[in-house]
Amino acid sequence: MAEKRNIFLVGPMGAGKSTIGRHLADELHLDFFDSDQEIERRTGADIAWIFDLEGEDGFRAREENVINDLTDKQGIVLATGGGSIVTKAVRNRLSARGIVVYLQTTIDKQVARTQRDKRRPLLQNEDPEQVLRDLAEMRNPLYEEVADYIVDTDDQSARAVANQIISKIGL
């Protein structure tokens, strides 16, 4: 690979962005970053606590700053937070600074993959499946808008999805 290019993974929670991103980075010998983990590292607090203290708007402002910093690097794979694309500036940066891959998954798979995860503040309520449906209705068009490639993650291993991405991108 002559030129180091960035690959940015977008998609809903439970799509496998972090797991697939690590495999992708390993295969391509790129650095891997997860925007949520980077926010936690910089603040010393977990995402749920930031949501509780600052609300979603405060969290999104932090997320935008972190994504701006990370997308300025070269030769990385970045797993973004599921809601990062709601911010127009984030969508613009992702599009301008790398290849954007939308990892698509069904609501059923999201429920199965996230049901025991207490670190997802938006799902800590009576009906997480309905929350996921509502989020999908709002966010899926934004994922599609920003995506250079769309890859379904439902019935494949993370490594198989990573290899499919490499093949689609032509790396």
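Glycine is no exception: its Cβ is also placed from the backbone N, Cα and C atoms.
Database features, via Swiss-Prot:
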- Gly14, Ala15, Gly16, Lys17, Ser18, Thr19, Arg120, Gln156: ATP binding site (BINDING)
- Ser18: Mg(2+) binding site (BINDING)
- Asp36, Arg60, Gly82, Arg139: substrate binding site (BINDING)
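In this structure the alpha carbons, written CA, of Gly82 (substrate binding site) and Gly14 (ATP binding site) are 9 Å apart. Other Cβ atoms within 10 Å of the Cβ of Thr19 (ATP binding site), summed over all protein chains shown, number 17.
For Lys17 (ATP binding site), applying a Cβ distance below 8 Å and a minimum sequence separation of six or more within one chain yields Leu9, Val10, Gly11, Asp34, Ala79, Thr80, Gly82, Leu103. Note: the Cα of Ser18 (ATP binding site) and the Cα of Asp36 (substrate binding site) are spaced 10 Å from each other. Separation of the C-alpha atoms of Gly14 (ATP binding site) and Arg139 (substrate binding site): 14 Å, rounded to the nearest whole number. For the pair formed by Thr19 (ATP binding site) and Arg60 (substrate binding site), distance between Cα atoms is given as 22 Å, rounded to the nearest Å.
Between the alpha carbons (Cα) of Arg139 (substrate binding site) and Ala15 (ATP binding site) lies a span of roughly 13 Å. The 10 Å shell around the Cβ of Asp36 (substrate binding site) contains 23 further Cβ atoms across the protein chains shown. In this structure the residues listed as binding substrate are Asp36, Arg60, Gly82, Arg139; their two most distant Cα atoms lie 18 Å apart.
Neighbouring residues of the recorded substrate site, listed in sequence order and excluding Asp36, Arg60, Gly82, Arg139, comprise Met13, Glu63, Thr80, Gly81, Gly83, Ser84, Ile85, Val86 (Cβ within 8 Å of the Cβ centroid).
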